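Asks: Right, I'll just put the structure down here and ask away after.
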Amino acid sequence: MSVNKKIIILLGVPGSGKGTQARFLVDDWGMAHVSTGDLLRALEVDPNGDDNDKQKLADMKAGKLVADDLIYKLAFAEIERNLALGKSVVLDGAIRSVEQAQKYNEFFIAQGVNDSVLAIELTLSDDLSFKRLIKRKVCADCADIIPYAVDNETKTKCEKCGGKLITRGDDNPTTAQKRIEEQGNAKLQPIVAYYRAGGHLVSVDGSQPILDVDTQVKKILTD
Ligand SMILES: [Zn+2]
């Protein structure tokens, strides 16, 4: 599959399905998913990890600081590594402020890939975000997250392993409301505007069924 972009940035409020769409691009098209959370977890258990970096990570976990410089360093190295392998890179949830978007942009320019960056916004209202968060389920055995779908209430078994589907403890109205305050449209739209102003934005209606969103995202990336 020939993809027309090297960097795909999925933007969306919680529950918009960006994690699911990222997984489709990885599974179906072999894109590299660069997740800052995964990179930090990998550093923590890497016996050859830089001591200074590990100390920063420990401080961050203790709530002493947010080591933005460490996160950029890890993410940029991983993106660079994958670009060198000829892979397209998908980012989801990595960019949570305009300042971060600008930092990434500087990096993309330095890498010479700025013309090949596309941000895809999966649009969703805060109201639907809330409804999806409190209705999604997770497999008690394999921890697979079953994103919200209209028939979720009738689903009881994991399609992958047959395990029991449960509602996660943190998918309750209070936590959902807090996540929307932190990552809802009020926080997201300035980032969307940043990419729109740079001519790097396409929006897809994220309230559609997951597979319809998948079809549109893939069409955009091959047009
Ligand atoms: Zn399962």
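Every residue gets a Cβ built from N, Cα and C, even glycine.
Since we're looking at a predicted model, the values are computed, not measured.
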Asks: Besides Gly15, Ser16, Gly17, Lys18, Gly19, Thr20, Gln208, which of Arg81, Arg136 does TrEMBL list for that ATP site?
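Replies: So the ATP site in TrEMBL includes Gly15, Ser16, Gly17, Lys18, Gly19, Thr20, Gln208 plus, from the candidates Arg81, Arg136, Arg136.
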Asks: Here's one to test understanding: among the binding-site residues Ser16, Lys18, Thr20, Arg136, whose C-alpha is closest in space to the C-alpha of Arg168 (AMP binding site)?
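Replies: Nearest candidate: Arg136.
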Asks: Measure from the Cα of Ser16 (ATP binding site) to the Cα of every one of the binding-site residues Thr36, Gln100, Arg179, then give the nearest.
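Replies: Considering only the listed binding-site residues, the nearest one is Arg179.
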Asks: If one measures from the C-alpha of Lys64 (AMP binding site) to the C-alpha of Thr20 (ATP binding site), what distance in angstrom results, rounded to a whole number?
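Replies: Approximately 32 Å lies between the Cα of Lys64 (AMP binding site) and that of Thr20 (ATP binding site).
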